Number of protein chains: 2
Amino acid sequence: MNIFLNFASILLYLAVQCQGSGTDIALDAKATLLHRIDSLNLLIYTCLLTLTVLTIWVFKHRRVSWLHETGLAVIYGLIVGAIIRYAASTNQVTYINVHPAPDTKYNLSVPPDMLRLHFPDKMQVSSGDAPVPNKTYAYSFRGEIVNVEQNEIDLKATFDPEIFFNIILPPIIFHAGYCLKRKYFFRNLGAILTFAMVGTALSALVIGSLMYGCVQLMPASLASSFTFLDTLYFGALISPTDPLTVLAIFSQLKVDVNLYAMIFGESVLNDAVALVLSGAIQNYELRYSNDGGFEITAFLGAIGDFIGIFSLSLLVGALMGCLTALMTKFTHVREWPLLESALFVLMSYAAFLIAEVCELTGVVAVLFCGICQAHYTYNNLSSDSRNRTKQLFELLNFLAENFIFTYIGVSMFTFPKHHFDPWFIIAGFVTSVLGRAVNIYPLSFLLNLGRKPPIPMNFQHMLFFSGLRGAMSFALAIRNTVSEARQAMLTTTSLIVIATVVLQGGAATHALAYLRIPTGESGNDENDALPYRDVRSPADLGFGLRNMDSTQPASCDRAADTPRDRGEGSTGQKARLARLWGAVDSKLLKPLLTHARPPLTETLPAFMRPLARVLTTTHQYTQGDNSLRRTDSDSDLCIDEQHPIPTSIDPQQIWPGLVDTRISVEGITGSNI
Amino acid sequence: MNIFLNFASILLYLAVQCQGSGTDIALDAKATLLHRIDSLNLLIYTCLLTLTVLTIWVFKHRRVSWLHETGLAVIYGLIVGAIIRYAASTNQVTYINVHPAPDTKYNLSVPPDMLRLHFPDKMQVSSGDAPVPNKTYAYSFRGEIVNVEQNEIDLKATFDPEIFFNIILPPIIFHAGYCLKRKYFFRNLGAILTFAMVGTALSALVIGSLMYGCVQLMPASLASSFTFLDTLYFGALISPTDPLTVLAIFSQLKVDVNLYAMIFGESVLNDAVALVLSGAIQNYELRYSNDGGFEITAFLGAIGDFIGIFSLSLLVGALMGCLTALMTKFTHVREWPLLESALFVLMSYAAFLIAEVCELTGVVAVLFCGICQAHYTYNNLSSDSRNRTKQLFELLNFLAENFIFTYIGVSMFTFPKHHFDPWFIIAGFVTSVLGRAVNIYPLSFLLNLGRKPPIPMNFQHMLFFSGLRGAMSFALAIRNTVSEARQAMLTTTSLIVIATVVLQGGAATHALAYLRIPTGESGNDENDALPYRDVRSPADLGFGLRNMDSTQPASCDRAADTPRDRGEGSTGQKARLARLWGAVDSKLLKPLLTHARPPLTETLPAFMRPLARVLTTTHQYTQGDNSLRRTDSDSDLCIDEQHPIPTSIDPQQIWPGLVDTRISVEGITGSNI
C-alpha cells in the first residue's frame, strides 16, 4: 500500500515540479490521491473479509471445528497487518508549525475550530522556479499532539475509533437483541441479570483494584501514569464478554438451551453494562479531576449516572420499538413490504440516534429496541418483511463482526498508539481471568441459594470458560488513546481479545467434553446442527414456506435458535419477576401493540372499554386463538403449569425446567396465556 | 437544531469559565457536542425518511398518483431545509488567522497536510482568570477559502459531497444493473446505446454551446467567470436522466415493455456516460488549463480518456462479476447462504473499490458488475441468497434514493455555496429541454432508418418527456463548488432536478393519456400493477415459493419487472449485435460461469475438450434441459424464431417484437438456446 503511495507521491511531486501551473492542479491531484488511499484501505479489508468467507467455507466443508471464523478473521488481520507494517515504508505527512497572526484576539479558552493559513505568504518555499500565488487555506481542528517529537498522525489502514460506536457496533447489538430467544432469556432472567449487572460491576471493581495494586509494584515510570480511575476504567472495558465462538459450537453440538440462554443473555447485557459503566467512570473523572482523592458525592453521582443513563437509554429504545409496533399495527403499511422494512430499519436507527443526541448510550437503546422489535413489531410484519429484516441484520451482523475482528488483527501492527509493557500485559491477563472467576462462582453460589434448580458445577465452569473478550472491549479501548496509560490498556486489551478468541475459542469443544456437559443427538436434523441454519438444498423449498409463518426470526442461528428444545419436566418453578412481567405483557402490551389475543376489550377493566375498543383491530377480534398460539410460540415467557404435558418427550432431562410451548401446543387448543 | 447548538455553546462556555480546570474538559465537551450535532443531522434525515415512508403509504393507500415518493422526499426536504435556515440562528465557527513560524522551511509548492498550533502561546486570550497551559494542537487541511470575508465553513445539516459517490450512488447503480430486465435491454440494445452514448454526448455538447452563448449575452461579471469548458461541464452533468417517477407510473399502468426498457436502459447507461464524460472534461481542463484555446491533441486526449476509462471500468466490473460467478459455481459455498450472500456483497463492493483505486470510475464498474451478477452469478446462488441479495439491494436502493432526494431539498436552503443567478437559471432550464430534444428526435429519426419496427412518434415524445434529472446530476454538481460559476451550476441543477421530479413526474400519467400510449389491462393481476410487487397478503405464501425458483430478481419492481409481457408477433427482426452476443453468451460464457446447459463439452471445439471437461460440473451434465429453461427464462437474450408461438396471446400488439420466452416455454420442451 505504501509502496504505491510513495510512488504516487513522487509522481505528484514531479508533476508539480514540471508543470508549475499553480497549486490548483497539485491540490486536485492530492485530493485524488487521498481518495485512492481511502479506497485502498477499504479494499484491503474487503479482500480480507472475502478471504475469511472463503476460508470459513473450506473449514465448514471439511468440518474443521478448532477455529471459528472470528479467530480466522483475527489471524488474517494479524498477517496482513504485519505485512503492511514491515514490508511497506512510511508515508510522510507534511506539517509546519504556525503562530497566530500578531493582531489576533480570541475570546475562548479552547483552541479555535479553524485556522486560516495564507500560503506561501512569507514562507520560504524551496522550489524556486514556479511562482506560487498567495491563497488562503482552511485547516480544521484534529486533536492534541501529546508527543511533539513523534509524527503521530501517521495512520496506516486505520479508521476513526468513533466508527466502531456509530457504524459497526449498532447492527451487531441490534441483531443480538432481535435474535434473543426471549422465552429462555426470561426464564433465566434472574441469573442473567445477576451475572450481567452485579457480575460486571464486581468484575470491573476487582480487576481495577488488582491492576492498581500490580501497577504500584511496577517500575515507577509506569506506576505514576496510572490513577485508580484508570485501572478501574480498564476493569470496566475488559469485563464484557463476547462468546461468539463458544456459542457457535454450542449450537453445533446442541448444548442445553438454558446454559446457552444464560451465556448469550449475559454477554448481550454485559456489553451494555460495561459501556455505561465506563461512561460513568469517565464522567467521574471529568467532574472531579482536580481532586485525586475519593469523594463520596462524586461516587454517588457516578452511580446515579450509571443507573440514569442505563434506564433512560433502555426507555428510549423500548419506546421506539413500541412506536414501531403501533405504526405497523394500526397502518396497513404491511401491504407494501418494502416500505415496511424501510420503516423498521429507520425507526431502529432513530432509536440509536435519539439516544446519542440526548447524551445517552445509543448502543443500549438499540439493544432494547431490538428486543422490543422482536417481541412486538415482528408479529405485525408481513412475512416478506420478517424475512427481509432478519436476513438483512444477519448479514450486517456477520460483516460487521468479521470486520471488527479483522481490524483488531490489522491494528495490532498498524495502529500507531500501541504501548507494549510486558508487566502490564501479564497483569492484565491474570486479573481478567480472576475477574471472570469472581463474576461467576460467588454469584452462582448466591443464586443457587434461592434458585431451584441450581446451576450445576460443570455449568459454572463452562460459564467461566465462556469469558472470551471481543468487540466491545476493543472498541472501548481504542476510543481514547491519548495518554501512555490508555495506550498500554489498548495493547493489553487487543492481546487478551486475540488470545481468548483464538485459543479459548479453539478449545471450546474439548472443554465441553472435559466438563462432561451433555450434548444433544447430532444424527438427524442435520440442518439444525450447523451454525448456519439456512443450510438447505435448493430442492428444499418447503423450508422457506415453513419459515414464513413462524414468529421467531428463524435464521438468527448464533443467537439461540439452534439448540434443540428438550422436553423437560414441569417441576421447575417460575420466577416471580418473570410471572409478573408475563402478566403485564400478555394482558396489556401484547394486545395493545400486536394483533395478539385476548384483545384489550377482554383484559382491561370495564371503565376503560371505550379506549380498549379503539385500540383493538378487527383482525384481533376475528382470528382464532389457535392460529395465534402457533404463530406466537416463542414470544411466550412461560407456560402455565396446569396444562397437561405430552408424554412423548425425550427423557434427557438434565435441567429440570418447563416444557417447551412448541411441543405442548400440539396437544393443547385454547389460550393458555 | 442550531438553537440547541447555541444553547449548548453557551453552557460549554459557562462551564469552561466557572471551572477553569484547563482545556481538557472543554475539549472533551466540545467533541461530545460535535458528536451530538452529527447525530442530530443524521436524525433529521432519518425522521424525514420515516415521514416520507409513512406519507408514501398514505398515498398508495388512497391511490394518489400525481406525486411520486421522490417528489415527496424533495418537498419534505425543502420544507425542513427552510425551517433550519430561517428558524434557527447560525452557529459560529471560531477561527483565527495564522502565519508560519519564522524559521519554517517547506519544500513543496502545495500547502502542508497538517498545521501545529501552540495554543494559547503568545495569543491574547481574553478570559483572564484561568491560566491556560500551553499545548500543541494538530489541524488538518480542509480546503481553499475563496471568499475570505465570508465565513464559508458554516455547514448546517450538510455532508461531504464525496459521500454521494462513495456511499449513496453505488448501491443505486448496482441495483439498477442487477435488476435490468436483460432480455428487453439486449433486444433494444442498439437504440439504448445510441441514446445513451451518442445522445448524452450530443446533449452535453449542445447544452454546453448554447449555455456558453447565453452566458456571453449576460452581464459581464458573470460572463467572465465561465469558460467554454465550464459550460460544457454543465452540459455533461445536466444530461443524464433519472426517470424514476415515470417508470413507477409505467409499471403501475403496464406500459409497453420495449418503451420501458429503452427509457430504463438509457437512464442507467447515461449516468455512467455522463460521469465519465465529466471526468474527461475535467482532465482536459487540468491538463491544458494554461492555454484557453482549443487544442486538437487535448481534445483527442479527452476522447481517449473517455473511451479508455469507460471500457476499463466496464472490464473491471464485468471481471469481478464473472469471478464471483466462478467462485459460486465451483465451490459449494451455496450450502451456507449467509456466507454466499456475504461473498456476493463483498465482491461487488470490491469491484467498485478496485476501479476507484485504479483511477477508473467505480460507479461504471459497479453497474456492469451488477449486470454480470444478475446474468451469471444469480443462476448459481441458492434460493435463500437470491432472495436475500435482491431484497437487500432493493432496500438499500430505496433508502439511498430517498435520502439523496431529501438531501437535494434540504441543501437548497442549508448548503452555503449556492449562487442564485436568474439568467443562468432560466438559460439552464431552456437549454436542458433543448438538449433532451436533440438527444431524442434526431437520433430516433436516424435509428428509424435502419430499425424495423420504427420507434413511433408518440413513443419519441414520451422518451423526450421522461428526461427528468436526478441523483447523478446533483451529485456531479455538488462535487466541486469552489468557483462562482460552479456554484451557479449547483443552484441551477438543484432547481432543474426539483422542478422535473415534482412537476414532470406529477404530470406523467396525463402525458401518457395525452400521447395515447396504450396502457395494459389493470383489472386482474392486481399485485403486478402496483409499483411494489412484494404486495401480497400474508396468506399468499405460495408466492414466496413461486419466487424462489425464478431466476430474475423478482422484486426489482421499479426496474423492469412489472410491465406485463405482451405476447407479440414473431415478425420482429433480431439485431445483429444481439445475435452475435447471444451466441457467445450461450455457447461459451453461460456454460463456463453457470450450471447452464449445453455444457462446454458440447459447445467447444474438439481439441479443447479436456479443458472443457474440467470446467463443467456434474450438476451440468445431470440436469435436464427442461428444468433449466424454466429457471433461466429472463437471461435469454432472444428466442429463436423457428419456435411455434402459442396462439393464446393477447392481441394488443402495439410494438411488434419477439414473443416472451416465459410464455412460449409453456408449450415448448427442448433447448432453444
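Note that Cβ sites are derived from N, Cα and C of the backbone, with glycine treated the same way.
As recorded in TrEMBL:
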type	residues	note
COMPBIAS	B:558-568	compositional bias 'Basic and acidic residues'
DOMAIN	B:53-511	domain 'Cation/H+ exchanger transmembrane'
REGION	B:543-574	region 'Disordered'
SIGNAL	B:1-20	signal peptide
TRANSMEM	B:42-59	transmembrane segment
TRANSMEM	B:71-88	transmembrane segment
TRANSMEM	B:163-180	transmembrane segment
TRANSMEM	B:192-212	transmembrane segment
TRANSMEM	B:232-250	transmembrane segment
TRANSMEM	B:298-326	transmembrane segment
TRANSMEM	B:360-378	transmembrane segment
TRANSMEM	B:398-416	transmembrane segment
TRANSMEM	B:422-441	transmembrane segment
TRANSMEM	B:494-515	transmembrane segment
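Tertiary neighbourhood of the transmembrane segment (B:494-515): same-chain residues 65-68, 70-71, 74-75, 78, 238, 244-246, 249, 253, 255, 405, 408-409, 411-412, 418, 425, 428-429, 432, 458, 461-462, 465-470, 473-474, 477, selected by CB-CB distance under 8 Å and a gap of 6+ residues from either end. Counting C-beta pairs under 8 angstroms (sequence separation of 6 or more), the transmembrane segment (B:163-180) reaches the transmembrane segment (B:398-416) with 3 or more such pairs. In terms of C-beta pairs under 8 Å, the stretch of B:71-88, B:192-212, B:232-250, B:360-378 lying closest in packing to the transmembrane segment (B:422-441) is B:192-212. The stretch in B:71-88, B:192-212, B:360-378 that contributes the largest number of Cβ pairs under 8 Å to the transmembrane segment (B:398-416) is B:71-88. Residues 1-3, 44, 48-49, 51-52, 55-56, 59, 156-157, 245, 402-403, 405-414, 497-498, 501-502, 505-506 of the same chain, all 6+ positions outside the transmembrane segment (B:71-88), place their C-beta atoms under 8 angstroms from a C-beta of that stretch. Same-chain residues lying 6 or more positions outside the transmembrane segment (B:360-378) and placing a CB less than 8 Å from one of its CB atoms are 165-166, 169-170, 173-180, 182, 268-269, 271-272, 275-276, 279, 309-310, 312-314, 316-318, 320-322, 324-325, 328, 344, 347-348, 351-354, 386, 551-553, 585, 589-590, 593-594, 635.
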